[in-house]
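J.: According to TrEMBL:
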TRANSMEM  38-56  transmembrane segment
DOMAIN    123-324  domain 'TLC'
TRANSMEM  128-147  transmembrane segment
TRANSMEM  172-191  transmembrane segment
TRANSMEM  256-283  transmembrane segment
TRANSMEM  295-316  transmembrane segment
REGION    330-364  region 'Disordered'
COMPBIAS  331-340  compositional bias 'Acidic residues'
Amino acid sequence: MLQTLGEWLWWDRLWLPGNLTWSALEDSEGRIYAKASHLYAAVPCAFCLLLVRYLFERYLATPLANVWGIRDQIRLTAEPNPILENYFSKNGSQTELSVLPGQGRIQVWFRRRRNQDRPGLQKRFCEASWRCVFYFFAFVGGVLALYDKPWLYNLKEVWEGFPKQSLLPSQYWYYLLETGFYLSLLFRLSFDVKRKDFKEQVIHHIATMTLLVFSWISNYIRIGTLVMAIHDSADILLEGAKVLNYAKWHQTANGIFMVFTVLFMVTRLVIFPFWLIHCTWVYPLERFSPFFGYYFFNFMLMLLQILHLYWAVLILRMVYKFIFSKLEGDDRSDEEEEDSDSLKETNHKSHMNGSGARGRANGH
């Protein structure tokens, strides 16, 4: 049964156009083609990147955070309370808490409990620093892999000779680095900073991994490298703006964020749909009839585009706040905002202690 399933999964008609078979993509005459077995290297690459990330955050990002005065606030721990813990697990939002009777100590408990789930400022700084550095080097690598290729300047060249396009060393290393990175993000999902768009981030990572794997196996490598490069270009500025915001260089961070907004809108809402998706949707039909792999690849690209539209709305909301009110963090997550609850808790605690002292003095 497994053999039958495997034969169906790798059926030529699913993934290759026309009458081509997988045998057409076997290495010959000095030409090397991408193979599924090459992707096994992405797993050790992901673990290597996790090790590099650990060393980077511990020996570079954390000392830099200390130099810039980025420190975690002291947070008071909520006392164990099974009843409130059960309520928090179901209705832990600020909106839901407003309906609780009694308030007072209960509200303080919920503030402290929410703070326990918030990542510290240094953790957010280190994570943003790592991603900023990675995206920078990945983008530089993408530029080096693409700058002299004809398909960067003429998208019809993407399909010239497809799918019998030999694999270039620069393409191999670029794909290996990006695949390993997104695999490492999947490994770290339960440990990294969680935002309001956590589910969308999971969908994005899975869709990206699916596209990377499929485009590699089916030799959609030329268009794959273009997609990766335009995504990395904007992500550098986003993570850089976060780093500077955590360091309280707010004006510089806001300036970079505005540049990021423009670049995001151009790359994700203009170039990606009207250049790259057009390239994968229209140009292939000039050479061969549509097949399952053609529809599958374009479906995954459209899924990414839907996520781009979702994030574009969040970004525009932040720009609106920046222009007309006050931008205090990332709209995607409470964790990206300044954690002011600790200060409120301290003041509330002092007030309660004072009230308690007066009560004891009055004999209560």
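Note: Cβ is positioned from N, Cα and C throughout, glycine not excepted.
Small disclaimer: the values here were computed from a predicted structure and weren't measured.
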J.: The transmembrane segment (38-56) and the transmembrane segment (172-191): do they have three or more Cβ pairs under 8 Å, with pairs 6 or more apart in sequence?
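T.: Yes; at least 3 Cβ pairs under 8 Å.
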J.: Is the transmembrane segment (128-147) in contact with the transmembrane segment (256-283), using at least 3 Cβ pairs under 8 Å (sequence separation of 6 or more) as the test?
T.: no
J.: Other than its close neighbours in sequence, what residues sit by the transmembrane segment (295-316), given a CB gap under 8 Å and a spacing of at least six beyond its ends?
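T.: Residues packing against the transmembrane segment (295-316) from afar: 197, 200, 203-204, 207-208, 210-211, 214-215, 218, 220, 227, 261, 264-265, 268-269, 272-273, 276-277, 280-281, 331-332.
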J.: If you average per-residue pLDDT over the domain 'TLC' (123-324), what number do you get?
T.: 92
